[in-house]
Structures are given as structure tokens and as C-alpha cells.
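Peer 1: To start, I am sharing the structure in question, which I have written as C-alpha cells.
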């Protein structure tokens, strides 16, 4: 394929750029071979001429199509080169916020510098068990791949995490370990995974520090091996560390910090346990303040210290060791503050009493003199002598810092060793996964020994990486059987040889370190002389003689030689080490005790297994000078440890994670292309791309190729063989045979070929689109022309019609105008005449009215004058009378006041005299009493006199009043006479005045009339205004009424909505409560299963059978107490079920001891009874002679008594029959009138007869008991007599006792005696218990009476202290309280009486049934009756006995019943051939019989056996859906039967009368109903789990991957590289597979008779699982987020909805559970451009969370070139609109959610008596009753 075919107009290319590294441009002119310039246009519109290199003539890189941008795997790009990789990473990182991308076998992780919600447990569960290529790239996918390959291939794995400082290596390694800890768990209960994760905060605190590039930079490399056992559970871990940066302990650059632990220690210095360390702030210490930035934003060092200490504790480092570690760390800080001063130019001194040195010596337990001396001196050894030489200040400071570094390195190694010990497991390790967190390639402005070692390690890792990539490529080609050639790739072996080979850089460095006067300069010259001319990878800088340049695989690096020798030797003063070893501090001595062995100058001792820890440690070889030849330098040791690491990695399967730092400023989601491309080159990603591009990077299966490029094929090219079809098409499309290869299952393409095929496909589709557009436009134009023609003719027709109608209209209007004129003129004349006539009539009317009003006013004025005169005269008379009356009253008051004053004075005098008399005569009480009595008598007399006086006064007052009235009348007459004399004059004056007033009134009248006229006009105007206002007010009122109605309606709707929301909230809370309860049940079931397993293990371990006990089937009820915890029957289980619960007796020692005690008591009782029997036998033998006659008489008397008793019973029986006949006749006679109601004669007769029957029944019971006791005693007497007569003489009554001679009858007699004793004992115990209960009741009543008495006394005492009003109120309150309590007690008694009445009604029903049963037979003969006595039968009519719906079984058949009906029953045969729920009905009928006979032990035993057996069968076959469904249906039916026949009214509404007769009569099993409900919930949850396990593998394949609509989705042109080692061969599931499985579930449940409501709940749960799993996979798979996939999903959902309609399950809520999936599919299909689209999406996707919506939009990927990506601006608009939503931030749906289940009551219409039991159930031992 020529370049001219690709570099055509509009083709897009990449050109180099200084700022952006690569810039996109578009060709504006076709390229032709030989052109030296390309005409380009940049994205900003700028024109550019790009000159080609004349030497190479290399064209710029082509850009991939837009639909390929943002792919998960970089190797899937059509054009594989650096700009394509960089652009793809940038688009994924910036636009889609995706930080992970595959590059072949490498996971590229870009640090987002933000916290992302993609590491939760839900994400871990989503990736668990998935293939690596099926899900979006993630660190969890790599971890899952390593875990899966370890389990599948039985090979150890390694995850190599590398990158620059700040790229996120430590975090990635931490998440990988978290994944292993979560997925695998630990094999024991020791929480090993927690310990593995707990090592992270420890290592971060002592090995991480803040740098300019990273706030938590790891300053050492580590390799953690996580060990697994054979079941692949975590059992332990081991850690190796590499090259700790010790120089950071004593020096930090600006804006950097020392190791975190120092700052954590300073922040916690205020704690009491740290007071002795004498710490201060970090700024107070030289070793922590050099960076001048001791604080990290957002980090609390004190809190981190607490986390570190907790981690130490979790790993087993006790408190004393922790304090010791912190003590050493604090001493290092104090050592850094020790000041050294110059003594002279060649010596130095530490001033005495240096505070920090004193603290250091105190903490380290060394002497101050020794340490201060050896800090300023050193020892020189020669062959003969040893010299102590002072050192200058600079060397002393260096020695101090070297000591601090050495101590820290030893402490670091000690912590690592103890962490490894804590993580070590005693279990044998089967395999491991190693996680390597190591520094990436580094290059700085000044590079030293540390950077040299780091880059050396990366060279080795890159070589291993290249070899592994090449190996995988080779295996792929061989597997597909295609010819391949050796791919040329960069081999960095020369660079490695330059460093580590003989006479290499490290070799020369070690040699120079051995020289006595070796220096960095001489070493540099040796490097120049050795490698400058012989190695092309070694260079010398132009301007320096103390540096060298190495061409690494990533870049050229210039190293400064200064400090190489010193860092490689890393010496420390040996005498200082001796001082420390002499310390009294045990932990410090422990740190240095390994130096007694052979060690290196670094002090690193090789660990077991070849693991070496690289930290700088001083020499302490006592062998002297000879041992120096064997010292190892830091470089040599690092090379050896690196070699061991490479051997470990080569023995494992590696997985690579390359961490990229997007910018140097730690900005969130900011991408710097320069920094990114530099790291991509350094970490080997581009090398992987180059190796892939060199071969066949694009790989397609034949089916994928056919599906994608079917449009390029003609119909004749399509064959049945897909492989031949693809071959034929490719030969036509691509002429160059080298551009592709055909493998067994795939087609391999060279780089760029897929883009070429995509171009051909796009051209073909574009041409097809043009043809379709042409045809459609022609059709549209013709349709438009025809519409216009039709419209024109229609318009003409309507215009002509309009004109004709206008003419006719004009003629009609002209004629109408003439007629209107005629009538108008006539109307005007008539109106004028009528107006004049009306005016004349009005004038006449007004004049006549005026004259009439004048006459009326004159008459009215005269009448009012008379009335005024009358009123004035009356007022004057009344005023005179009032004045007179007032004067008289005042006079009376004065007189009475004077008399009262006199009386008061007299009384005061008497009072004073009495008081004085009392004072003088204090002791004369008797006399006073006499006087008092006399006074009382006098008072009585006075009262009598006062009454008489009052009567006289009243009569006198009445007479005085009469006289006063008469006097008043006379005086009034006199005044009237005087007034009449003066009245004439006054009347004349008044007449004159009235005349003047009349004149004035006439004037005023005229004025008033004028005013009235004006007022009338104003009033009329005002009335009109008021009418208008009234009209406006009416309108406003109507508006307000309408508004009020609307508001009322709105309020009603609002209240309805609020009520609905409240109801929904209550329903939600109820469901939550149900869910919590059912989750607790699930947890209870899990713990119960665990308990059962442990019990079995203990049983197997003990395996010692107890004497007298055998393990039988009764162990089925061993867990009885777990279900009957609320039952009152549990109290009596100890003695009656001791022999049944054998397995529990073995395990539960307390119960076992109780049973043993009970057995011993029974043995003692048996022995005592045996002794009693022997004693009585002896007594009988001694008394045989004298008791013989008496015995005969007693025998005859007893026989007569029994005969009489039998006759009496017969007569009573006849009487009962007669009474029964009377009742029937009375009922029959009144049946038509309905007289059986309460109060009717029949009812009264029936009630009387029943009461009499009850009384007789009680009497007969007592008599039967007496007869039984007499028979037993008679039997014993006869037995003894028989024994005596057999020994001495013939028996006179041999015919009666001949069966008592053998041993069997003796035992029977003994058993009878035993029964009698037990009966008497039980009666005695019952009497004792009743007596004790009565005593307790009386004591309680006495106590309550005492309390009531005390309370009454307290209330009385309190009331006496209160005032009268409060006392009354308190007494009323007390009385109210007492009455309230009495009312409550009465209500309780009423409820009890109601319950008693209900119980008695049930007993009445039972007695009625017994009477009916007695109708057909006679009373049984008593056991003592002889067979020769005649029996007189009674002729009673019999009828056929009806079945009562009960099944009788024997106690010993219970296990057989449970075994045949539950444990060994096959659900398939029962479900197909028998009625649904038959086992439940049979078990309930057995339970009914146990209730009928009132056997509580049998009821309890049967129910417990049923529950335990169902649990056992579910535990055994819990993974079989059919079995679980069968027992869920039967358990629910059994529960419904317990409710239906419980006797509760709420459950009896739908029963027939016969079913009501079958209700339980003796026991209330409500508590067992709750137990069965809990069991049903557990079975339901087991059913859901079983169903989920079946559906889970089908969902993703059937709902997402399978193309239900063929040809719609199409395969994306990515050639997606799945990890072939991860893909297992699985059957392909389709949507039909899911629907078939749903049909199977539904048919099985229907066959088993499962309740319809329960089926709806199961279907709802099924659909939730389908929707949740599908949506979760959609959110984690970028390749599934496309328009066509949305259509496929919606079609699949519609098929599921159709299935619901077919099954009539649309109302079960299953469709609503699919709503999130439906909205996600709609979101994939709707427009995503404008703000209107954003608003529509926000309103549509109300079931999706904001995180889910944004995730789908970010993952949306166009499949064809005609689709567009979602812009970042649109996604931000969506986020802005949805930011007010209150929702969970969780991305994925929880697939483990189980909706709370309910079991609505579903009564059965099936009558129990009609149920037929087939023989196939093997329950022939059951008897129908």
C-alpha cells in the first residue's frame, strides 16, 4: 500500500512541537512521491509547510481515526507510535477521567492527584473472577489476573510497580495488596490479611518522606511476597528492602522533610509516655528543620502516630518495644543537635555538659565522657601500634552524622525483621505473589551514587521486561502457527555490562575503595581511560573532569563523581559502635548484636534465602587488617541483592504496572505532555509499542473481521466458511501479502492496515450514504412538487368561491340597508312622542306629591309638639320623686350607722373585759366551760329574741313604708298645686319661644331641604360607586373563591403527595426493618451452620460413645432449643427428653451432667421401689394367714361394688342418651324458626344438658381414678395371695388369677404399682404446686395490701399538711388514679374472661363431638370387670363415622414419618403426580391429632423434628433449586395451615364451617408460627442464592455481549487484545438462555404450588439481579458503551418485559428493578450536545446516580465514524445540573441486596378429610381419624 494512498488531502498527521511534543495537523494537498514539502493546516487554522528530511525522507506519523482514540489497550491502535500513545493517554486522562490504560501486558497508571471512588469493595467484587480483557483497565484487573494465574498454572506471580517519585507506586502496590486481602481472605482466624495491610503504615512512617515531587515518597525499594496455602488463602508475607536513603536522616533539601516518623514523634511529644524523651517541635531539631517546611497540608502527624502505633500493636510489637524504638529515634534527633566546636585547625571539642548530648547518652544508656571523646577522636591502627588522633570540626560533624545514619539503618532493619516475623506463618507456603515497589528511572540536575544505583536497577528490570514481552509475542505467533521472524528490539545488555561486568564501573569503584589513597578524581580518570574509547555508551562531559555520562535505555544521564567513594564505603567510627554496644539499653544492644558475625562495611548481614537488606552500616571486624579484604561495598552488595531479585522475578510470571506522573505541581487531572513522554520513554511503554508495531499488532478473529467488513464484500464472495471468505476478501483488498497473516483462529495485520481497511469501509459507507441521500432527496423533491401542485389548484378553487360569495353578500346587504332605514325612521318618531308624554305625566305627579307632603308635615309637627310637652312634664315629676327618695334613704343610713357604732363600742368593751378576765383567771377552765355553756344558752335565747325582733322590725318597716308612701303622695299633691299656679306664666313664655323656634325651624327646613337634595344626589352617586365597588368586590370574591378552591385543591394534592411520600417512607422503613431482620436471620443461619460443622468436627474428634446411649435418628431434634426459645414447654424438657438428645448430650456437658444426675436419681428410685416391693412381699407373706378371710370378704364386696358401679354407669349412659334425644328433638322442632339463638328454649336445654354433662364427666373421672387405684391394690393382693396359695394349698379363685403365676405378670404388677405411685406422686406434686402457688398469690396480695396501706398513710400524712383546697384536690386526684387502676385491672380481667370464654367454646365444640361419637356405641367396660358378667346392650341408632381430617401415629413412628416425608422424599415425583403441598398437609394432620389428644410433648417433638429435618435436607441439597423451591412451598403451606386452623378470627374469614370445626383445640402455636416464618425466610434466601448462582454466568453474555439483533452492534475496529491466558473456554449464553432459565424457575415453582405473591417476589429479585449485574458490567466496560449497544439492551429488556406479560407478572415490581438499566440504555441513545439535551437527560435518568450518569457519558465510545463523542463541556453541564441531588456516591449497584420477603396469608380451600395419601409416600403406619 503506497504512501500516496494514505497521505491524501484531509489526512491527519502528527508533527513535532517544542511545547506540546506532538501537534496535530491536516493535509491540504495530496502527497506525491518525491515531494519535499507537505502542505498542512494546524487545528487553530494556521497554514504550515512541513519540510521532509532529505536524507531519510520520513513522512510524519499518521493520526488514528477518532473512533480509535481513547481505547483501553494502546496496542489496539491502528497506528502504533509515540504521538498516538501520548494522545490516547491524554484523552482518557483529561476527558474521560480514566487513569488506567493497558499497553499490551503493561498497565499504565497516571496519578490523578485526587481521590477517586474506584477502589471500594463493590469494585473489588466486580473485578473478582473476571477476565482481564473483559473489564476496563484497573489495578484490580492486574491483581485478579495474577491471582487467577497462580491458582490455574500453579506458578508464583510477581507484580512489578515502577515509576518516578510521586507517580503513585506505593498507592498502587497498596491497592494490589488490599485486593488480595479482600478476595482471598485468610485461612485462619488470625486476620493475616489485616497484618499484611498493617505493615504499610509502619513502612511508610520509617521509609517515606516528603520531597519536592511527592508528599509521601518511598525512599527505599521493597519486594513483598504474599504467601498462600493450597486453598489460595493468605497465610503470611515476607518483605525485602533495597537501598534505604540514609542521607535523608541528616540532610534535607528545601521544601523537603525527613522521614515521617520523626515528625510524628515530635507531634506526640506532649503525651505522658513521651515526656522522658524531652522532645519539642520539629523546628527545634537540626535533622528535621533543614527543609524549612515541617508540615504537610491535610496531614495530622499526631493522628498518623496513633495509626503507626496501632499497626505496631497489631503486628505483635508490645508497648515496651515501641517505647524503646521511639527512644532511639528521639536520641537520633538529640544527636543532630550536638554542637562541635574548633579547638584548633586539626582538632575539635564538644563543650562539657552539652544538653543534647546528655539527653542522647541518657536515652541510649551510654557514658557522656566516652561518647563526647569518640565524637571528636578516631583510632588509627598500624602494624605495631594504635594511635588516637583528634579530628577537625568538619570530620567530627560527618562522624556524628554517619553515626546517626548507621543507628537509623540498624533500627530500620530491626523493624523490617520484626514485621517479617509477625507476618511469618507456620503453615507451609504453597505459592506466593510478589509485589515489587521500586524506584523508577531518575535523572536530576545533579546525579550521584543513589541515582546511579537506581538507574542500574531499572536497566536490569527493563532487560527482563523486554525479554518477557518478546517471549509473549513469540508464543502468540507459535500458537496461531504463522511464520515469524526475530523482532529487532533494543537490548540494553551493553549498558548493563558497562556497569557490572569485569572492569566495569562498579568493579573500578570497588577497586578504588580498596586503595589507601583512593579518591573520586582518580576513579574518574580510571573510568575515562578504561571506557571512553571502548564503549559507545560511555561519554565524558566537555566542561568537567569529575563527571561521566551513561547512555541508558531511557536517556543520557550525567553523574557527578563527588561522594561516590565515600557513599560506596559508608564508613563509621568503630569506637562509637563499641560505646553503643556497651549500653545498658537492651534494645540498642539487640540492634548491634548481629555485628559479632562477619559483616560488610555497610553492616548488612545476608538474610536467609539470599535476601539482603541494603543499608549502610559500619565495620566491626575484630580480625584486624586481614579481614578488610573480605569487606563488601554498598555497590557490590546492591548488585548481589539485585541479582537475587532478578532470579526471583524470572522464576515467577511477571505483571507490570507503570506509574506516570502527569505534572510536577500535583494538580488534579492536569497533563504535561513533556513530563509524560519522558516517563513513557523511561518506563518501557514505548518499547512495548515498538515491539508490537514491529510484528502484527492488530489481531482479529475471523468472525469479528467478517462482521466488521461485511460491507466490503459482494454477495458472491460470502461463503459458508468464514476463513475462506476472509482470505478471498483480503487478497482483493490488500495486494501486499506481507501486510497480513492468517492464523488458526485470527488474522494478524501489520501496523496501519486496520486504518486502511477502515478507510475503505468508510469510503464504501460514505458512497452508500450519498446514494441513499440522492434517492431520498429525489423522492422528497417529487413529493414536494406534487404537494405544491395540489395546493395551487385548491387555492384557485377557494378564491373563486370566495369572490362569488362576496357578490352575493353585497346584494343582500344593500336590500337589508333599505329595510333598516325604514324601520329606523319610524322608531325615532315614536320615541320622541313617548318621551314628551312621559315628561308631562312626571310633572303632574311631582306637583301633586309636593302638596300632599306639605299637608302631612303640618299635621306631623302638631302631633310631635304634644308628645314633647307630655314627656317634659313626666321628666320633671320623676326628678322630684328621686330627690325625695334619696334624702329619706340617707337619713335612714345615718341613723343605722349611729346605732351600729354604739353596738360596736359595747361589744369591744365586753371583749376587753373577757380577755382581762381570762388573764386574771388562767386556771379556771371549769368555770370558763360553765360560763361558755351559759353563754351558749344565752346565745340561743338571743337568737330566738332576735328572730322575734326581726319579725317585728319587718312588720314595722312595712307599716313605715306605707305611711311614707302616703306622705310622699300628699307632698306631691301639694307641689302640683304650687306648680299649677306658676304654670300659666311659664306656658305663655314657652308659647312665645315656640313661635320663634317655628320661624327658625322653617328657615332650617328650607336649608335642610336644599341639603337633602344635594345629599340625595351625592348618595345616588355614592350608591352607584358602591354598586361598582360591590361588583368589583364580587368579582374579587369570585376570584378569591376560585383561588381558595385552587389552593385547597393544591393543598389537597400536596397533602396527598405528602401522605403518599410518608406512606412510601413508612413502607421503605418497614422494608428496611424486614431486610435487617432477614439479614440477621441469614447471619444466624450462617452461624448455625458453622456451629453444626464445629459440632460434627468435635464429635469426630471425641468419638467416645457414652454408656447406655446409642446415636439414633433422634439426633434430628438436637437443635430443638434454637427454635423453641420462647415456648413454655422448654421447662419440662430436662427430664422427659434426656434419652433423645444424645448428640447434644455429648457436646453440651452441662446438659450431659444433668442427664447423668437424672439417670442416677431414676436408678435410686428404682432401687427404692424394688426394696419397697420386697418389703411388702414379706409383709404379705407374714400376714397371709390372718388376711385370707378378710381378703375373700373384701373381694366379694369389691365385685359387688363394681357390679353396682357398672349398672349405675349403664343407667347414667341411658340417661345421657335420653337427654341427647331430647336435645335433638328440641333442636329439630325449632330448626325452622331459627330458635337456636342464645335465650331460646332449645339453646337453654342444650346449655343445661351440657353443664350437667360436664359435671357428670368430672364425677366419672374421679370415680375412674378411684376404681383404677382399687384395681391396682386388688391386683397386688391377688398376686400375693396367688403366690401364697401356689406354695401351700390349691387356689379357690384360680379362674380369676391364673394368669398371675408367671414372671411376666409379676412385672406387670410391679409396673401397675409403679404407675400408682407415679399417679399419687403427680397428684401430690400438683397439690403441692397449687398450694405453693396459692401461698405465693396470697403473699403477693399481702405485700400489695401492705404497699397500698403504706401509700395511703403517706398520702394521708401529706394531705394533712396541705391547705383544705389542695387537700380536696389531692384526694380527688388520688381517687381518680385509684379508679383508673381499678378500670385497667377490670379490663385485664375482662380480656382474660374473654379468652376463657373462647377456650370454653372450643371445649364445648369438643364435647359436642364426643357426644356425637358416643351416640353410636356404649361406654367401655372398666378394666376390673369380669368377663362372665352379663352386659345389657342398649338399642341406639348408629351412623357411618366421618373422618375428622387427622392422622394418628405412634410416638416411635415419628422418626419414620419425618424420614419418609422430608429426608427421603423426591420433590420431582411429588410435584408432578400429587397435589401441591401434600407433605405439609400430611404433617399438619398429624399435628392436629397430637393437639386433639392434648399431648403437648408430642406436639413439641413433632414440630421440632419437622423444622430440623427441613434444615437438614436444605443443608444437604441446598444448591438444588428444585429441592429448595419444593420445601419453600411446603413450609409456607404448613405455616398457612397453622394460621388457618389456629382459631383466630382474622384467619378464619375464608374457612368453611367444616374447616372451622377442624381448628386446633388445645394449643396456641403462635410462637411456632414465628419460628416457621423465620425458617421460610431462610429457605427463601437460600432459593435466591441458588438462583443467583445459576443466573450469574448467563447475565453478562446474554444481556450485553450477545447480539440479539444481528448486524446492529458491529465490532469496533480496535482489534481488542484480550489476555489469552485469562480467557477460559466457556459456553456462550444468549438472551434465550436467560429466558429459558426463567421459564424453568417459574414452572418449577408453579408445579410445587408456591404462593403467587411469593412467586412475584422471587421474580422481582431475579430481575433485580439481572439489571444490577448488567448495569455494573456496563459501567466497567468502555467497549459496551455505544449507541448500538444501547439498542441491544433495550431490545433485551423488552423481551424480558414480554416474558413478564406472558406470565401475568407485570404488577410484581420486576419491571421497576430494570429501570436503572433502561435509563442507562436510553442515555446511550439520546442526543448529547445542547443544554436542552442535558436537561432532558437529567429529568430522564432519575433512577441513576450522578456518578453513574457521568461514568456512562465518559465511557461512551463511537463505533462508527458517523457518531460523535461526548464533549467535556457537556459532561460538566450534567454535573452542574445534578450537583444538588442527595444520593449515595457509590458507583456500582449492590448485587447482594435481597429484598425483604413477606408471606401473605393464603388459605387453602382443600378440606383435610378429603385428602388421600398415596402409598408411594410410604406412610402406611398413619391411621386416618
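Cβ atoms are placed via backbone N, Cα and C, with glycine included.
TrEMBL annotations: computationally assigned, not manually curated.
I grabbed these lines from TrEMBL:
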DOMAIN    69-762  domain 'Myosin motor'
BINDING   163, 164, 165, 166, 167, 168, 169, 170  ATP binding site
REGION    599-630  region 'Disordered'
REGION    642-664  region 'Actin-binding'
COILED    921-1104  coiled coil
REGION    1105-1137  region 'Disordered'
REGION    1167-1199  region 'Disordered'
COILED    1321-1410  coiled coil
DOMAIN    1504-1780  domain 'Dilute'
Peer 1: Under an 8 Å Cβ to Cβ limit, what residues of the same chain, 6 or more beyond the ends of the region 'Actin-binding' (642-664), are close to it?
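Peer 2: For the region 'Actin-binding' (642-664), the sequence-distant neighbours (Cβ-Cβ under 8 Å, at least 6 residues beyond its ends) are 89, 93, 103, 105-113, 139, 142, 145-146, 149, 153, 155-169, 172, 176, 213, 223, 240, 242, 434, 436, 440, 456-457, 460-461, 464-465, 468, 610-612, 670-672, 675-676, 679-680, 683-685.
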Peer 1: May I have the DSSP-based helix, strand and coil counts for the residues of the region 'Actin-binding' (642-664)?
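Peer 2: The region 'Actin-binding' (642-664) comes out at 9 helix, 8 strand, 6 coil.
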Peer 1: List, in sequence order, the residues of the same chain other than 163, 164, 165, 166, 167, 168, 169, 170 whose Cβ lies within 8 Å of the centroid of the Cβ atoms of the recorded ATP site.
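Peer 2: Leaving out the recorded residues gives 111, 214, 217, 218, 440, 659, 661.
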Peer 1: Looking only at 163, 166, 168, the binding-site residues on record, which one has the least crowded Cβ, with the fewest other Cβ atoms within 10 Å?
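Peer 2: Ranked by other Cβ atoms within 10 Å, the binding-site residues 163, 166, 168 bottom out at 166.
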Peer 1: State which of the following binding-site residues has the fewest other Cβ atoms within 10 Å around its Cβ: 165, 170.
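Peer 2: Taking 165, 170 as the binding-site residues, the minimal 10 Å Cβ count falls on 165.
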Peer 1: On the 0 to 100 pLDDT scale, where does the domain 'Myosin motor' (69-762) sit on average?
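Peer 2: That region's mean pLDDT is 82.
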